[in-house]
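What TrEMBL records for this protein:
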| type | residues | note |
| --- | --- | --- |
| COILED | 504-531 | coiled coil |
| DOMAIN | 8-382 | domain 'Cation/H+ exchanger transmembrane' |
| DOMAIN | 480-560 | domain 'Sodium/hydrogen exchanger regulatory region' |
| REGION | 601-690 | region 'Disordered' |
| TRANSMEM | 6-25 | transmembrane segment |
| TRANSMEM | 37-56 | transmembrane segment |
| TRANSMEM | 68-91 | transmembrane segment |
| TRANSMEM | 103-124 | transmembrane segment |
| TRANSMEM | 136-156 | transmembrane segment |
| TRANSMEM | 168-198 | transmembrane segment |
| TRANSMEM | 218-241 | transmembrane segment |
| TRANSMEM | 262-284 | transmembrane segment |
| TRANSMEM | 290-316 | transmembrane segment |
| TRANSMEM | 328-347 | transmembrane segment |
| TRANSMEM | 359-382 | transmembrane segment |
Amino acid sequence: IPSVSSIVPESCLLIVVGLLVGGLIKGVGEKPPILKSDIFFLFLLPPIILDAGYFLPLRQFTENLGTILIFAVVGTLWNAFFLGGLMYAVCQLGGPGLNHIGLLANLLFGSIISAVDPVAVLAVFEEIHINELLHILVFGESLLNDAVTVVLYHLFEEYANFEQVTVIDIVLGFLSFFVVSLGGVLVGVIYGVIAAFTSRFTSHIRVIEPLFVFLYSYMAYLSAELFHLSGIMALIASGVVMRPYVEANISHKSHTTIKYFLKMWSSVSETLIFIFLGVSTVAGHHYWNWTFVISTLLFCLIARVLGVLVLTWFINKFRIVKLTPKDQFIIAYGGLRGAIAFSLGYLLDYKHFGMRDMFLTAIITVIFFTVFVQGMTIRPLVDLLAVKKKPETKRSINEEIHTQFLDHLLTGIEDICGHYGHHHWKDKLNRFNKKYVKKCLIAGERSNEPQLIAFYHKMEMKQAIELVESGGIGKIPSAVSTVSIQNINPKTLPEDRALPALSKDKEDEIRQMLRNNLQKTRQRLRSYNRHTLVADPYEEAWNQMLLRRQRARHMEQQQLNNFLTVPAHGVDSPTMSRARIGSDPLAYEPKEDLENLPIITIDPASPQSPESVDLMSEEPKGCSGLPPSPEEDEEGLVMRVKEPSSPGTDDVFTPGPSDSPSSQRMLRCLSDPGPQPEPEEGEPFIPKGQ
């Protein structure tokens with residue numbers, strides 16, 4: 001019924017089915033079965049956690065690991081102690097029916113009910129297709145808070161047997177958290193490495209390859225539970241560690257078998273868990289106390305909202321991508337409780353916890369409220385708030401390549417800055433993995449295969465298989481290589497469509513060429529440090545050039561300040577010489593040393609402006625070594641047009657004839673060239689000799 005399943009989540013429908021089945025069994029006079037904790041923890045929970053850990057989106061998980069750990073550890077501790085403390089106060093004020101419940105019992109109840117359930121979160125969040133960030137934050141919190149729940153549960157259970165709890169017991173309990181969490185991870189890593197190493201030698205028995213994945217994962221879970229470590233953490237660690245090496249060793253059919261068997265197994269377990277929740281609700285013994293149940297439900301919601309708001313305010317100070325108020329609402333609203341809380345409550349011993357039935361009733365009420373009310377309303381709220389959803393299409397190869405390129409770029413930037421951040425340690429781990437781990441855990445040449453080649457090999461194999469299965473072998477796209485087609489062993493092609501065959505040697509040669517040349521590993525660069533910089537060999541030359549340029553500009557400024565000054569030597573100024581020649585040319589004879597007569601070069605754009613006079617080009621005639629011509633003797637001072645400088649020359653650094661001290665003393669600027677000689681009457685317009 002699509003109209004019902006689009007509104008009500010599958011988990012809610014399964015609980016309703018369980019309620020109907022339990023009521024039917026009870027109606028015919030039989031005793032309905034109850035979900036025993038051993039069956040739940042040993043057989044129903046591991047497939048769901050293994051499926052989640054094996055196919056965990058590792059990139060999003062590691063990038064948000066700090067946020068997830070804060071929510072999982074600090075958030076769960078806050079919920080447990082806040083809820084346990086308030087429930088103890090309610091029990092003290094709630095009348096005779098609740099007075100006998102002590103502080104440890106309430107804290108134990110708070111630790112059971114405070115943890116977010118991964119089964120319930122998976123069931124609801126996969127249907128609403130929320131974006132990857134919110135999904136991994138809530139789901140990652142539900143996975144990692146198992147260590148906190150296990151520690152608090154066993155801790156308060158043990159404290160209930162003590163006559164007096166000392167400070168040493170509290171310190172040991174605090175240290176046991178690290179033992180439980182890190183011990184579970186260590187057990188999972190060990191079994192993951194063993195599974196990867198075993199898969200290296202299964203090339204001749206492909207049919208049992210999937211068995212090793214399930215066997216070693218389940219052994220990791222059982223080994224962790226045997227020592228009261230976190231079995232969920234062990235399962236996640238083993239799945240994450242073994243997957244890249246196992247998939248490189250096993251065949252494509254084995255990979256498909258693992259994928260679909262895990263999905264089927266986890267789906268069956270999830271279905272059975274929710275149905276048994278409904279049946280156990282009908283079959284179990286209940287003790288209803290309005291004050292206790294309503295207070296539990298109310299304080300659960302308050303603790304979750306307050307915890308998310310306070311922790312997000314703190315986390316956003318360190319995050320680049322901030323969590324918006326919409327994200328905070330979805331995280332707080334997505335804190336669903338499920339069968340783990342019910343099974344932990346079912347494990348309580350009547351001898352030490354006589355109020356177990358009331359605890360179970362309150363736990364079932366909270367589970368039903370979160371699954372039914374929050375689970376049914378979270379989809380409309382996501383649409384109403386316009387929260388970003390997960391894209392329907394998968395990432396293209398172009399996006400994958402650019403993502404890897406940005407990772408390398410950010411790693412290089414961290415190297416240059418000398419900052420050891422997230423990308424630096426990720427690159428270190430990848431180098432160690434490629435240099436040592438892959439050679440031990442991956443068989444053959446695949447251990448040295450670059451990631452891009454491996455990804456291309458995987459894509460072309462997948463495309464070729466789809467092509468053969470669809471029967472479209474004749475329409476081969478350019479993206480599929482002939483190597484993949486030959487590996488599939490298809491039917492014989494017609495003569496006109498036969499593909500060019502590659503010899504085995506040629507194929508190996510091409511692959512070897514791609515492996516050696518397509519991807520070069522980045523060499524480690526020295527970190528930037530201003531104290532260890534190598535001196536620039538050209539720095540001194542540049543400093544000299546700048547000093548010469550400044551000295552030249554300073555000299556030019558001084559010349560402009562000495563504008564229209566009398567020269568120090570005794571040679572007549574050009575203005576006086578021209579005035580004497582113009583007034584009485586016969587009485588005044590020019591001196592014999594005509595070589596000292598200067599030449600002023602004028603810019604033709606504005607010959608009358610004093611700014612156009614080129615100070616550096618004013619030089620006496622005859623400096624070039626040639627005797628003065630008769631025309632120059634008659635004309636006196638000659639005005640010449642300034643020649644354009646050749647491209648590439650520098651007027652500051654290129655020495656000229658005017659750079660000598662004697663020439664520098666002759667430099668001056670004339671605002672008035674002096675009186676012009678009046679042309680005499682009867683003098684021809686064109687001078688003689690022209």
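Backbone N, Cα and C define each Cβ position, glycine as well.
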Answer key: the stretch among 6-25, 68-91, 136-156 with most Cβ pairs under 8 A to the transmembrane segment (359-382) is 6-25
Given the transmembrane segment (136-156), its same-chain partners at Cβ distance under 8 Å and 6+ residues beyond its ends are 49, 52-53, 57, 60-61, 64-65, 67-69, 71-73, 75-77, 80, 104, 107-108, 111-112, 114-118, 121-122, 125, 173, 176-177, 180-181, 184, 228-233, 236, 330-331, 334-335, 340, 344
The answer for the transmembrane segment (328-347), taking Cβ pairs under 8 Å and residues 6+ beyond its ends, is 34-37, 40-41, 44-45, 71, 112-113, 115-121, 124-125, 130, 134, 137-138, 146, 149, 153, 273-274, 276-277, 280, 300, 304-305, 308-309, 312, 356, 359-360, 363-364, 366-367, 370-371, 374-375, 378, 381-382, 385, 387
Looking at the transmembrane segment (262-284) and the transmembrane segment (103-124), are there 3+ C-beta pairs under 8 A, with each pair at least 6 apart in sequence? yes
| field | Proximity verdict for the transmembrane segment (6-25) and the transmembrane segment (103-124), three or more C-beta pairs under 8 Å | value | yes
The answer for the transmembrane segment (68-91), taking Cβ pairs under 8 Å and residues 6+ beyond its ends, is 61, 98-99, 101-103, 106-111, 113-116, 136-137, 140-141, 143-145, 148-149, 152, 291-292, 295-296, 299-300, 303-304, 306-308, 311, 314-315, 331
Mean pLDDT across the domain 'Sodium/hydrogen exchanger regulatory region' (480-560) comes out at 64
